[in-house]
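Notes follow the structure.
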Amino acid sequence: MANTLTVEAAKHLGDALGNNTTLTELSLCNNTVQDEDIHHLIDALRNNTTLNTIELSGVEIGEEVGQYLVDILRNNTALTTIGLSSNTIETAGAQLLVDPFRNSKTLNEIRFMSNEIDDEGVQLLTNALRNNTTLKRLIFGGIEIGNKSTEDIAYIIRNNTALIELDLWKNEIESEERAQELADALRNNTTMTNLHLRANRVGVKGAQHVADALRNNKTLTELALTNNNIDEATRHVLDTSKKSTELVIAETDEKNNEKRTKTSDVSQEYDDNFEEDIDDAEKNVPDDEELSSRLSNYDEDSREGQFYENKSSQNESSSQPIAENSEYDNVDEEDDGTYQGVPLSEITNVCQQPPTIIDMKDVCERTHTFLIKPFKYISTDPDAEPQAFYENGTYVDEWDQNYVRLPCSQSYINKNGTQRWSIIQESLIKLQHLAETHMASMDDIKETIEECAGRSYELNCLERLLNEVYTVDERAHFMSAVLSNICTLALNVDKICSRPPPLLRIGSNRTVTMSQKQAASLLSCAFFCLFPRRFNQKVGSEYENYQNPNFNTLFQGGRKGGTTWKLEKLRCVFHYFHRITEKMPNGVISFRRYQLPESCVPKWTESTEPLCKIHITKNKTIEDMDGLLQVDFANKYIGGGVMNEGCVQEEIRFVICPEMLLSLLLCEVIQPNECIFLIGCERFSSYRGYSTSFQFKDNYIDETPKDSWGRKLCHVVAMDAIAFYNRSSQYTLKNMKRELIKAYTCFRVPAALTDPKAGIATGNWGCGAFNGNKQLKAIIQLIAASQAGRPLVYLTFRDQNLVLSFYKVYKYLLDEKATVKDLCTYLQQYTTLYNKITLFDYILETPVSSL
């Protein structure tokens, strides 16, 4: 979590380090270390003889701090690893690091990613590392190396006999000449085992040079070439050229998307009792997973090797401040017969009619809050509009920790006692007038956002979209009609909503229902960063366990004005504003937080529930599964990195269905026995690609029918997996049970529901950046769906091997008449076997009768 290291904290930390003789690693990630306070730490760090790792990623290193850091690097003889990623280390800062980098006799790992540094600064550092003889790992991604720096790196590859891992992720190598230079160096390298060149656009010719080098290199065991525009022919050359190399290729085109990765297993302690009681929700998450549980937006196609504590950390790989995931592409084609199991229609036709739900006027639950008057949708009157709960412009305020603090509240005041809303109104009215007269500029938008929020922002991504990506006509339309409408919706939030929605806090079991127009008004407030107190997520702050719903981080882009995929996400969100300007939708949406009661947790090893029906396919996407419960592979901080660089399954879903972004406003961090349902949210955009290749494609007309409340029959459940930083920890009984309870919490249908149970659309949950094993997650979800009595549609995202292998196991289990308790027993016994045999093979070799 981002904090400022105070004078007192720095002094105490310095004293502790001075007296500690056992500490080996210190992490100050995402802390702002003040220049005037740093001297408290220096003497302790300079003379410490045990500390071997200092992690300073995202520390905002100033000039004086940088000078002290150099002093530490020169004098500390124990230090072996330094992390300096995500700092603004410009040329002057690079100059300071030249001498210690060149002359260090102990450093063997340097992590230096995503720093705003120009080519001159990069050259200084790469030149300094030319003759370093101790460096084993150099993580040097996201900084754009130039020609001269490429020569230096090639020299390092060729001559440094200690270097075993080099990560050049996303350095815009691009040219064939640079790729050839690196490949020629690789040809004669005799020590390096891992080389990562993800997202460098080396292209076909560059990859062919790498293929030629592989024929001679005998030591490389892992080569990553994800997102490099490699065609099928070159892929074949690479495959045939490699010897022991484990090649990773994930294409950006829609026809050639495959990935093969090497996994390693480590022995682990195991729990003895599968039915171990867990006293509270937090105990379901193991301590060693706590750091990575705050991931917000890890880009699986990068190999940043770090997990950042701040859930909103702006970093190419913000771990995921992560919404996590496996490969995923928007697929338009119909099933081509490559499915296994029952036909899809046998599952989707179970619920041919909208489910029977109680009339809105008859809902008496105190845990269900309506922002609208009782409303009943009738298909013969599709233009009927829901009305605000309080009429005639009446606004009934709530200003406390249980409700969203709306900017229109009279309790929202400055330190001098003046109301903020009047200042906000004045700024928005001014901008609206400029938009209506076709005179608004990017500077006007920036000025308005800063006046409304009371703080300054860098909005380079927004500026780049409007001034570089949009056509002249697109820009003109947005800066006039669309911008004026956003102003109107924000200015009238009090009249449109009439009351603030409650927060969906931990354990609350609450539902909030609102109209799509109310959602649009709240999102317009987020556009102008109007939600107070949501910028501060430090430990102990009111919103430390919430995401920031304001758009300030979505609009930020750093020196380059944002990555291409972040710009494309912003295009999707702005397309939503374009659509609601043309015609405001008149439907209804709901957000529901659900906690599984302890009394409803199944006794897994006693359950005789049979296996559910299953349909397994590779050629569909979850959002295309109409009539099914659709799983969002969520971060526990819902939305993951959607406001930052994250662009995998969850983030993509939220930008093509922007009403889902309101869950960031409403929902506190999800606990292990909880889930969030997003009901009725409309889809506005189609897309292509995934992760770094993601692109807004076109307008999307969502023709999903509505239920009697006016909600589209689209139910999405946010299901967050554990982030397994240590892959082997997923095979402990404790973690298996946690994932099982989480899946069952999401899949369970209330006993009061008498309609047929709709199927579930899911897939490789937690099997991307969160390192989950596909076979294990498939069996866990099969168990949970079977216990819930719901059919399962399993989407493998182009993995035909998983389609065939999963169905083979499923068919075997059916023939063996296996039940839920049998599958749980398989898992229980597998805890000691995972590093010897795959789970599917173990099941196929073990008859149920022998369990």
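Glycine is treated like the rest: Cβ placed from N, Cα and C.
Among the features that TrEMBL reports, active site is placed at D632 (among others). Sequence-distant neighbours of D632 (active site): residues of the same chain at least 6 apart with a C-beta under 8 Å from its C-beta are Q649, E650, R653, L678, V716, V717, A718, M719.
If you look up TrEMBL, you'll see E650 (among others) marked as active site. Every protein chain considered, the tally of other Cβ atoms within 10 Å of the Cβ of E650 (active site) stands at 27. Secondary structure from DSSP puts E650 (active site) in a helix.
The active site feature in TrEMBL is assigned to E651 (among others).
Per TrEMBL, substrate binding site is recorded for N635, Q649, Y690. Cβ neighbour count for Y690 (substrate binding site): 27 (other Cβ atoms within 10 Å of its Cβ, all protein chains included).
According to TrEMBL, the compositional bias 'Basic and acidic residues' annotation covers 252-263.
Taken from TrEMBL, the feature compositional bias 'Acidic residues' applies to 268-280 (among others).
Here TrEMBL flags 309-320 as compositional bias 'Low complexity'.
Annotation comment: TrEMBL describes 326-337 (among others) as compositional bias 'Acidic residues'.
Here TrEMBL flags 472-593 as domain 'PARG helical'.
Summarising the annotation, TrEMBL assigns domain 'PARG catalytic Macro' to 602-802.
Residues annotated as region 'Disordered' in TrEMBL: 250-341.
Around Q649 (substrate binding site), taking its Cβ as the centre, 29 other Cβ atoms fall within 10 Å, counting all chains.
Each of the recorded positions N635, E651 was ranked by the number of other C-beta atoms within 10 Å, and first place falls to N635.
The distance from the Cα of Y690 (substrate binding site) to the Cα of E651 (active site) comes to 10 Å.
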